[in-house]
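Asker: Pulled the feature table from Swiss-Prot, pasting it below:
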DOMAIN    8-69  domain 'SH3'
MOD_RES   Lys304  N6-acetyllysine
DOMAIN    423-607  domain 'C2 DOCK-type'
MOD_RES   Ser588  phosphoserine
MOD_RES   Ser593  phosphoserine
MOD_RES   Lys738  N6-acetyllysine
DOMAIN    1210-1621  domain 'DOCKER'
REGION    1652-1703  region 'Disordered'
MOD_RES   Ser1683  phosphoserine
MOD_RES   Ser1704  phosphoserine
MOD_RES   Ser1729  phosphoserine
MOD_RES   Ser1782  phosphoserine
Amino acid sequence: MAPWRKTDKERHGVAIYNFQGSEAQHLTLQIGDVVRIQETCGDWYRGYLIKHKLSQGIFPTSFIHLKEVTVEKRRNIENIIPAEIPLAQEVTTTLWEWGSIWKQLYVASKKERFLQVQSMMYDLMEWRSQLLSGTLPKDELKELKQKVTSKIDYGNKILELDLIVRDEDGNILDPDKTSVISLFHAHEEATYKITERIKEEMSKDQPDYGVYSRISSSPTHSLYVFVRNFVCRIGEDAELFMSLYDPHKQTVISENYLVRWGSKGFPKEIEMLNNLKVVFTDLGNKDLNRDKIFLICQIVRIGKMDLKDINAKKCTQGLRRPFGVAVMDITDIIKGKAESDEEKQHFIPFHPVSAENDFLHSLLGKVIASKGDSGGQGLWVTMKMLVGDIIQIRKDYPHLVDRTTVVARKLGFPEIIMPGDVRNDIYITLLQGDFDKYTKTTQRNVEVIMCVCTEDGKVLPNAICVGAGDKAMNEYHSVVYYQVKQPRWMETVKVAVPIEDMQRIHLRFMFRHRSSLESKDKGEKNFAMSYVKLMKEDGTTLHDGYHELVVLKGDSKKMEDASAYLTLPSYRHPVENKGATLSRSSSSVGGLSVSSRDVFSISTLVCSTKLTQNVGLLGLLKWRMKPQLLQENLEKLKIVDGEEVVKFLQDTLDALFNIMMEHSQSNEYDILVFDALIYIIGLIADRKFQHFNTVLEAYIQQHFSATLAYKKLMTVLKTYLDTSSRGEQCEPILRTLKALEYVFKFIVRSRTLFSQLYEGKEQMEFEESMRRLFESINNLMKSQYKTTILLQVAALKYIPSVLHDVETVFDAKLLSQLLYEFYTCIPPVKLQKQKVQSMNEIVQSNLFKKQECRDILLPVITKELKELLEQRDDGQHQAEKKHCVELLNSILEVLSCQDAAFTYDHIQEIMVQLLRTVNRTVITMGRDHALISHFVACMTAILDQMGDQHYSFYIETFQTSSDLVDFLMETFIMFKDLIGKNVYPGDWMAMSMVQNRVFLRAINKFAETMNQKFLEHTSFEFQLWNNYFHLAVAFITQDSLQLEQFTHAKYNKILNKYGDMRRLIGFSIRDMWYKLGQNKICFIPGMVGPILEMTLIPEAELRKATIPIFFDMMLCEYQRTGAFKKFENEIILKLDHEVEGGRGDEQYMQLLESILMECTAEHPTIAKSVENFVSLVKGLLEKLLDYRGVMTDESKDNRMSCTVNLLNFYKDNNREEMYIRYLYKLRDLHLDCENYTEAAYTLLLHTWLLKWSDEQCASQVMQTGQQHPQTHRQLKETLYETIIGYFDKGKMWEEAISLCKELAEQYEMEIFDYELLSQNLTQQAKFYENIMKILRTKPDYFAVGYYGQGFPSFLRNKVFIYRGKEYERREDFQMQLLSQFPNAEKMNTTSAPGDDVRNAPGQYIQCFTVQPVLDEHPRFKNKPVPDQIINFYKSNYVQKFHYSRPVRRGKVDPENEFASMWIERTSFLTAYKLPGILRWFEVVHMSQTTISPLENAIETMSTVNEKILMMINQYQSDESLPINPLSMLLNGIVDPAVMGGFAKYEKAFFTEEYSREHPEDQDKLSHLKDLIAWQIPFLGAGIKIHEKRVSDNLRPFHDRMEECFKNLKMKVEKEYGVREMPDFEDRRVGRPRSMLRSYRQMSVISLASMHSDCSTPSKVPAESFDLESAPPKTPKVEEEPISPGSTLPEVKLRRSKKRTKRSSVVFADEKAATESDLKRLSRKQEFMSDTNLSEHAAIPARVSILSQMSFASQSMPTIPALTLSVAGVPGLDEANTSPRLSQTFFQVSDGDKKTLKKKKVNQFFKTMLASKSSEESKQIPDFLSTNM
């Protein structure tokens, strides 16, 4: 086989197919997995997954698509970088990261967000393909990058991922190459942009945010329109005039774009097909802010007058007739709100004119208002909004805007008029006319013919342009409206003529009637004319707006003679009335006269950079023509409209500087020119004209040429400054200071031009003048006059703006010195805010970038900063703080960009002067302060720029050691606070990591100082070291460094860029600890928690380095005290909080054990103690990890189990506070599940820690949530009330009564609160009534086995008994159980599995129903207890359970299966009784017994007898019960046709053969016979009841059953003897209700005791019993009150036919319970006592009860069973003990008249006892004997 070889180029690839590895060495791949390839061999690669480097293996080459990479080597480590463009890589990484979140959103059912992320991912995938294609034009690529980065940033924000900071080109900023301040500002900017983007997304107003943001930020815009097609049935040629239209103002706002369309449906010029492109330019922000903008198209037909005329030859052709309009609202496209894509086609519907005389303009308004149907006719266009003017868009969009693209300019100037943009366009709009028909019978069809004529009447060729894209023409023919007296054309054309011709030209308008027939039309001549000159006599142009012209009539030939009409008036006189007279006009010359009937109006708009409409401005521009008016014109300039001035900015400035240059020898006009210049500069500073800054800049650099102007400008400026300094009035000085920047620009440019012209001549003189000028400024700053305050503020604001220019012609160092003096001459506390703002501008200038300048300026700046920052922080100084931090930011930013060699001293200056000041500002500033993040960034930047030598130098600047300690303490506290409460938003990952890197270095540097200065015993500073350790641990445990919690992409990003900083600081902590020496003991146990927190970080190397510190701590304490209890206590306390908080794992537990045990090798004396400690901690960790593992689990059962495990641990280790904490957690879990009984038992454990005393509670035994102090009695009483409420909800009234009695004793005997006692006794009575009247369902019990290694340790291979909820079936329980473990497999057998299943890796669950086993106790033995009471104990307070299954053995008799039916019975013993603090407990013992067929028969017979007896009792108690169940039961036993009863037992067991083969079963056979014999009296009693209740129609059935019974009775009594029950006659009379008894007087226990042999006495006195004695089920309480010693009547209870349940009641030692005078345990003993009592003590403080407590820890707390005290049935000998035990159950008053009958009943029970078999017989309790 060929050897594996290292790959060279094949380094990086992506899986394009799924690869499922079949061998161990194969690497399984999924589509999209990125792999790093290391080696290759044939068709195989070897490598690993990028996202999981531990997943290594081989995989086929054919499954991998290779990617180009570049390999970078850093410190012998190869860094492989994909060769794709960075943005494509970023998209790939983003898609990976979003992909996993996208799946999580699906699982979490967050549909809306899921679909949103999916849509964004699809967008990114598509854009990534476009990026990788490499085919996009430059402008589209740029736009796509913006879209991609915007989408990524937005997606990251809504998915709560880290913010990505970028440069201006969208590339991710590298923190290593970016200063801290730049990084901070980049984060701020990115956050702002994303916040704005989210606002836009939420408002849904701005879907294309990228376009919107660019459009809104640019001053000039253009709209690109591409006409794709025009669909319209015309039949003649047409002209399409497209323009932009403002519907509110009803004005066209752009030039027309003219498309000439042919009659055959194509452009007139076929080469224009697919090339009809236009750009509407010069659109400004004002246009974007219009309410609405429409794209309109006016269609003019060229042809016949009437399109319907058939005879085309006779018709006049070439007429321009209205045809229709097309309109589209493009407001959203213009504003960037709607999609703007050059590929998307828009349809603009066409609307024709409804009549021949409809005006197009009017139709436009109707269409906009109505939006009628177009019938499918219209324009198809594509549009795109472009940013920039025509020059810019030609560069940025060359594929759209080329030489063939038509440019349609705006009607009017753009918002910025650039120099060189020479324009002389005059727009003429034909508005309307009113023409009289005179001699014609109908109104005229008027056509206007416009031309541009010279003063001699000649037509100027090509002077008129109808629309952009069309050739210029000599004359323009208007649209003809048919027979309209007042036509409204509203047609706009452009007149473009050379400027030099403007003075001699005029516009001439001819009016002609056009006839429909060609023959008539030829004879038509011009019937009138108008004219207008474009220039006025004063040299200004025609003013913009409306003009009503004179209409001249006369000879048509004379109309073409300029000399004939130019002498006539052009405008109608304002007062001239159109309808005055029809008489001949007084104005007539040479055959032409003014018509008084006809009217014609136009409007004009002049867009000229050379022609002005202002006389004053014109006078200045042409000052040479009238020099005598120069002073006047200069003064008038200030009142000229600003718009007019800026329009002619270049010409105006040229004029001003020409005046200055031509009067260089005189200063006559210097101040006037200077003031005029200041006025112009002031105009441009105005917000309205701020865009003209670029124009002024361009003028200064390209057009300005006054070489001597600097001298005059400096002279005037100095004069103004000096005048103001003296406090004298100088009106222009404030405007001058505001214009200082441009004044200096002119000065510097002028000096530069002079220097170039004369090769540096007069440089010394210039510098001296400049110096004196600055000295004048400084003098102004020193001035104390009130009038100068405002000037000083202005100087501070505007002086920095001149530096950029001044330093080009002036020595920088000298300039810095002048600036130094400028700031120092201002009094210290004066204008501080303005000084700082001014300094900030200085710092941002080029001057500050020079080292020698910084040397001069930095000290004055730091001094000012220090003074301001150290002022008291209140609202007044808030603004100063803001400016201070901005200034400091600027300084640090400048220094970060310089070479370190040139900034060393400057960093040192800032460090010494400002570091501590900034630190203290951060410390005192609130964390919610708006500026806190800015100051922290500043502080971080200072530390970042400090070198090692800076640190050393700074430490030495402290004069005393206490001052140094204070500084270090301040710094440590500040660092810790900033780490704990990050001042940056959570998604500022890069900023946080840079801060951490800087802090880490600073901490280590300061640690070196501590080692050097504060380690020795005499100089040891405990608090300083303590602060250091706490800071270091806070640093290492901060969330932003826990790499394991991050996504794979983020993990790699941080690791590659910053490394794992936790290791570095962790190793430092270790080293610092070991350097402490004898001082270590000071930090025990204080540092145990922090060190524990550090060791729990899941980084193996860090753990190995830091866990030994624990051993060192133990050793240190051990050597001092002989033990390490403090350490141990602290570890246990802190471990709980840490693990619950998510820290710690199995690996930690193992590592802790192995490392600590290794450490003991060298210290054998402590080895055993350490071993015990490790065992303890390991046990706690296991339980805590189990608990944490199920905290988020849906299964509350598992959480409860783990909580109980922790309860036991804390109880065993005497941790009261933690014990109580988990008690309440368990209580809350139970309440969530409505397990009220279990919640009550849980809370009861807390009460056992409390005494009935007025002692104040210690904090550790306080109830969770109780903050105010309480006494033991108050807390215990409160808890009892809560517990009683829980027991009531859980229907555990027996337990509730027990607690009520204990409370009653306190109320009666201790606090004597009879009111509370009354309420308590009422409550008890209610509970007793509930026991007797309310049905309580018996819960089922289920055995559950968890087998297999897949289960957690607290379940693995264990069996539990679960107590089911009310009416919960096994199937439901099992389904719910399996839902908690979806991967578990259900076992179908009930036998215990083998080791193969137990050791299997999976999960196997076994679940089956078990029967509770009732424990016998003397309390109920041989006593007449009602079913309501005894049934409760059958399924409560049980600890033993069994499960039975039949098995066949021996020979099977098909006729009698009982003979061979054995029972295999599995018995379970739980750790504690149920119910308890859990609904389940672990099985601690299992045993299996086999029950013979004879024993099974005995059990079966016992069950049947019990069932008969129970049913008799029910029917005695409730006469309303239906008779059917009793009928079926009795008939099934007595009828031979049905009966299979004991006959099958006789056949199987009562044979000589059986007796011979089983001599050991004689007693059992006797027992069975005895049970058969006892069945007869029970059946007899049942039949007697049946006889009384049977209906007539069932009487034959009863008779038959009675006959069968007689036969059966005869047979049984003959063979097994006679048994008779006492007869209950006449017992109702005079008996209290509570003493009434039915046949059910013999409980299950007493029945089980009747295992007598045949020698049982056969007769008892008949008068002892009365079958009629049972009372009704629910008699009214008011009628028969309950006596204290009585029981309540029984309720109707149905018995399950499927199973027999036994009950059990366990008692405390009765004799011990009487010892009421014994002392209570101490608090500590009480807590140490076992919470897992096997018996429940109602008064836990008594020694008699406590003596039964097990002090050895068990695995789970027990559920205390009912004690004698709880039941309230003490023996008669207890009557004189505590009041709580003073009441007896069967106490009868001496006056009872029926005492004799009671004795007879007891005599019957005594007889029953005597009949027991010898092995079952037990000693009769004393109290029973006494009673008898």
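Glycine is no exception: its Cβ is also placed from the backbone N, Cα and C atoms.
Can you tell me where each of these features sits in this structure?
Answerer: Residue counts for the domain 'SH3' (8-69) by DSSP state, with H, G and I taken as helix and E and B as strand, are 3 helix, 31 strand, 28 coil.
In the three-state DSSP scheme, Lys304 (N6-acetyllysine) falls into the coil class.
Mean pLDDT for the domain 'C2 DOCK-type' (423-607) in this predicted model: 86.
Other Cβ atoms within 10 Å of the Cβ of Ser593 (phosphoserine), summed over all protein chains shown, number 16.
DSSP assigns Lys738 (N6-acetyllysine) to a helical segment in the three-state reduction.
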Asker: Please report the distance from the Cα of Ser593 (phosphoserine) to the Cα of Lys304 (N6-acetyllysine), rounded to the nearest angstrom.
Answerer: 33
Asker: Please report how many Å separate the Cα atom of Lys738 (N6-acetyllysine) from that of Lys304 (N6-acetyllysine), as a whole number.
Answerer: 66
Asker: State the three-class DSSP label for Ser593 (phosphoserine), counting H, G and I as helix, E and B as strand, and everything else as coil.
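Answerer: Note: Ser593 (phosphoserine) is in a strand by DSSP.
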Asker: Around Lys738 (N6-acetyllysine), how many other CB atoms lie within 10 A of its CB?
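Answerer: Taking every protein chain into account, the count is 17.
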Asker: Long-range same-chain neighbours of Lys304 (N6-acetyllysine), Cβ under 8 Å, sequence gap at least 6?
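Answerer: In sequence order, Glu236, Ala312, Cys315, Thr316, Gln317, Leu319, Arg321, Ser516 meet the Cβ cut-off.
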